[in-house]
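Accompanying notes for the structure given below.
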Amino acid sequence: MPPSLQTVVRRMNLRPMAGTTRPGVLDAAVRWVAVSELADPTPYLEGGELLLTTGMRMEGDLTGYVARLVRRGVAGLGFGVGVSHEEVPPALVEAAESAGLPLLEVPRETPFIAVGKAVSELLAAEQYEEISRAFAAQGRLTRAALRPEGVHAVIDRLAREVGGWAALLDEAGEVRHATRGADVRAVTAELARLRGTRPAAESAEGRLRGTRPAVEGRLRARPAAEGGEARQGERLPASLALSGPGEHIVVQPLGGGARPRGFFAVGAPQPFTPVTHTVVNAAGSLLTLAMEQGRTQLAASRRVRTAVLELLVAGERERAAAVLEALGGRLPEGPVVALAADPEALDALETQAFAALLGEVAVALVAESAAEEVALGAEAPVGVSQPYEGAGIGLRNALDQAERALEAAWSRSGAGRGGGGRGGAERGGAGRGAAGRGGEGRGAVGAGARGAGAGGPVVRFAELAGQGLLGLLDPAAAQAFSAAVLAPLTAYGSRADLVESLRAYLDSNGHWDAAAQRLGVHRHTLRYRMRRVAELLGRDLDDPGTRAELWLALEAARGTAATPASRPGSSR
């Protein structure tokens, strides 16, 4: 902050003559010293100067001269005596007192240049002090970044440096870490508004009374393809400032690319000074660096764990264990099960167990006793294999079982594979999914099933036995298949129910008498109906494959996965 008028008066032994009795008037900041003998120097002033003059052209009424200086906002007027005037003109004293302009007498022995040099030195000292404070704060932030808590420690330190609060937010605007007293409702609301995910009525103005958002810095384009919810051409600010009564907030994005990987917000009761802005910018650089380095290290660690898992699949357990041990990790001991989940669950799995990406499936190897806890901690649909020991073929089978169970878990979650799923197109594509590396290629988890939400079901492979063929199929796909196959029968305009007749015929394994008795019709009537079914479908009902497809379509239409034992007389 520039030196006060009081500081300059004391340092240069200036004598107050007028306009200095009001409280706080000598606290005015002196931003520079100007010397002028013009009758109207205001066109050459910016405001905040200590104007020095010898009064060469001063005569008559000086109220206009003083009024112009007051309107310009000068910090004060210094009058040098002993050159043009032996004393300060009484008319000037009167005008200054009346207008409230601080008027100071500059002694003959005090050169104007000395006053200018003194103010310049004070300004330089203040700037150096600001730089020193900012440098010291950057050092404290850097030391915080080196602590085990990493970015959390930087956020905590930043809050202390600004005398307020700080918070770390992810890309979606959700709070990941915040200091005590942080109220980021205005921040999250404004980010949501800028991203187009919340109506304008829910913006920061509604969260922080009297707050006015101000966009600062360059704007960064963010196309819809990068953010999902963002509209084409939408722009997010490189920084955001929110201010209101007793609350000042700055928000900055994090990440080295065009797409923010998160945000951090800083709030304080007082306006941000240049030093504060410097400290905030330094924190942003440290947070971005830590985030980018963390992502790089995490990606490298995951590649190593994937390589270790591939060694295990190949039967190289000793080599895999040696590589993992060199990185400070260990493989689970005793009976082990394999867990399979969507790739988005990898973050949760790897905090609890040895986990890696294999193809497009997140895989974890855990002791059987811990399987339930780890699976539930994934907060997503998870498939669990039967216990296995060792590596090689046993692990390959376990991975295959886990992925089959995962597909069943997705079906139970109600998400299905959707139109974007890969289950059909890539079924059998080795190397794409965990099972594909086992050699049987059960297919990768469908992309359309992702995002089903937290807390998905956990399905063990052992549960799949005996649940029927439909239990292994995606419900939506099965229903679509059923509707397409049975469409000619359901559209047939006859009083005879061809669908139920076909069901009775198949349930009776093609026995005419048994099927006719179930329907309460003559067997010749049933024969006629089956001929009509064959004509409408263009299929041979004596063909085992045709019978299997029709049975599957009928079961899907009924919405059950009944076993043969569930209905009397069923023999397949």
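Even glycines carry a Cβ here, placed using N, Cα and C.
No curator has checked TrEMBL annotations; they are predicted automatically.
Database features (TrEMBL):
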type	residues	note
COMPBIAS	415-447	compositional bias 'Gly residues'
DOMAIN	25-122	domain 'Purine catabolism PurC-like'
DOMAIN	498-556	domain 'PucR C-terminal helix-turn-helix'
REGION	410-447	region 'Disordered'
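Residue counts for the domain 'PucR C-terminal helix-turn-helix' (498-556) under DSSP (helix as H, G, I; strand as E, B; rest coil) come to 46 helix, 0 strand, 13 coil. When averaged over the domain 'PucR C-terminal helix-turn-helix' (498-556), pLDDT in the model lands at 90.
Secondary structure of the domain 'Purine catabolism PurC-like' (25-122) per DSSP (helix as H, G, I; strand as E, B; remaining residues coil): 37 helix, 19 strand, 42 coil.
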